[in-house]
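Q: Please see the structure below; I have some questions.
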Amino acid sequence: MTDSQRSQLLHLGVIALLFVAFFVLPTYHVGNLSRIMVLAVYAIGYNFLFGYTGLLSLGHALFFAAGMYGLGLSMELFDLTTAPALMVGLASALIVSAVIGFLALRTSGVSFMIVTLMFAQAGYLTILYFGSYTRGDEGFVIQQADRVLFGLDLSNDTARYFAALVLFSVCFLAVARLVQSPFGRTLVAIRENEERARMLGYNTVAHKLKAVVISGTIAGVAGAAYALLFGYAGATFATVQYSIFPLLWVLLGGAGTTIGPLIGVIFMFYLIDLSSDITSAYMLIAGVVLVLLTLFAPQGLAGELRKRVFKWMP
Amino acid sequence: MDAVNILTTKGLTKAYGGIKANTDIDFALPRGKTMALIGPNGAGKSTFVGMLCGRIPATRGDVFFEGANINALPAHQRISLGIAYTFQITSVFAGLSLHENVALAARRRLGADVAAVNAKVADVLARVGLAERTDQIAGDLSYGHQRLLEIAMGLAQDPRLFILDEPTQGLADSEVEEFIALINTLAGETTILLIEHNMDVVMKTATHITVLDAGEVLAAGTPEEIRANAAVQAAYLGTSDA
């Protein structure tokens, strides 16, 4: 079996596992998994830029929120139906990430982190400023009538789970394919040694801009899906916390691995869930575990697995 | 189009503040030949080739490649025209396999044609003698092998002009001999511009030599002419009254 066949088997296996999980897991965990899969899409988008291109953004909440508000506001203010509103969500994330990418890529390294962080803060404050439309921190509920896509009522647990699974599978497989393509390989080359890639004749600036747009658009799709599936849009999702989350998920799961984002989200979700059963100071437990993982598994869970056991892992 | 010369410069100058690293360099590189660029440390050799391939913006002056002015082109577009460049300080993709390093170089031209890319990779790795290491991680190679990998990455681009910045620096004597043999197999196939300190390598490979000193062209000609040139001898021996 070649490495690429193994990878494909792994990817299809993960999707099959998520499919079966719906039928065997208790309702509580099925509900969690719906949320986890949507957040994993967000992490997949983040990983594309951070793990494969080597660009650390602290402003992805802006792209997530662009998708979320693109969908939410177009329903709320212009009475768009579900499918067009979803398209508006996707388009707003695409446009926002193209503009931010164009501006922020004039910098690199730490400056890139700061600039993306500042843009995201500006975005968050903009949402608060236009509170009469966005209802600021309080946010607004997406009406149940607006949550019907192709005849499926997405407020229903089953429909929601499978909608999340379809979205996750599409993004998961598409990105896995993309990173193996010549374009994806060039991004890895830029991550490893940008000057060398440039002196092999690659337009590294254009490549990085494309990576920001792809990453931001996937993040935005996750934001739109989150609003649609869970029926709520609010400014909390635009805060810096939501820019840090995907970074943590990807670091924990394994940056630059295809399954790392999903593993990271599952791990973090249940780490907080289980530790809050034990004590109200659950962030203390979570914090200690995170520190330990960073110390002893610096490449993340999937990254360490790849290093130690499955060298073929994509 | 200039039939004789593949690359020429006119008045090429680089100033860092008030200090001129290169002053009004007029240079012509004959097609299909191997030109060595020599000169004492700090003569401005790396600055000069940096301006040729676009890594370093020129203060003034013109660079013509195949008769066309390429002043306005950024580095990656100059490379796309067929100028390959190897770094003075080894700069490979340390975290990637040898195969992937060379494939990245080949892919820019050959695109998504996997079979053609693989054939090219196998071909050039064999040519530099690294064929059996194709799956190793580049960062694990010895320094000498990393230099060879750099050359392989240049060859994989099928360059019309191949610029090598001190390729034999840090190589063992036996490796230098292999390098000389490799360059001589390329003679006629492509034009080579070689920055080199090792005079043995220069004399065994170059058909033409340009000598830079203190940012200016001191002499240019065949190896015999350069060897006989009093100004060159003075620059290398360090006498100031030449």
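Our numbering is plain: 1 for the first residue shown, then up by one each step along the chain.
Cβ from N, Cα, C; glycine included.
Per TrEMBL, the feature transmembrane segment maps to A:9-29, A:49-71, A:83-104, A:110-130, A:161-179, A:211-235, A:247-272, A:278-298.
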Q: If contact means at least 3 Cβ pairs within less than 8 Å, sequence distance 6 or more, would you call the transmembrane segment (A:9-29) and the transmembrane segment (A:161-179) in contact?
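A: Output yes: the transmembrane segment (A:9-29) sits against the transmembrane segment (A:161-179).
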Q: Are there residues at least 6 beyond the ends of the transmembrane segment (A:247-272) whose Cβ is under 8 Å from a Cβ of it, and what are they?
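A: For the transmembrane segment (A:247-272), the list is 7, 10-11, 14, 32, 35-37, 39-40, 43-44, 46-47, 50-52, 56, 58, 168, 172, 175-176, 179, 188, 191, 282-283, 285-286, 289-290, 293-294, 299-306, 313-314.
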Q: Below 8 Å between Cβ atoms, which of the listed ranges A:49-71, A:83-104, A:110-130, A:211-235 makes the most pairs with the transmembrane segment (A:161-179)?
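A: Most contacts with the transmembrane segment (A:161-179): A:211-235.
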Q: Can you say which of A:49-71, A:83-104, A:110-130 has the most Cβ pairs under 8 Å with the transmembrane segment (A:211-235)?
A: A:49-71
Q: In the same chain, which residue numbers or ranges, 6 or more beyond the ends of the transmembrane segment (A:83-104), come under 8 angstroms Cβ to Cβ?
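A: Same-chain residues near the transmembrane segment (A:83-104) but 6 or more away: 57, 59, 62-64, 66-72, 74-75, 112, 115-116, 119, 123, 146, 149-150, 208-209, 212-213, 215-217, 219-221, 223-224, 227-228.
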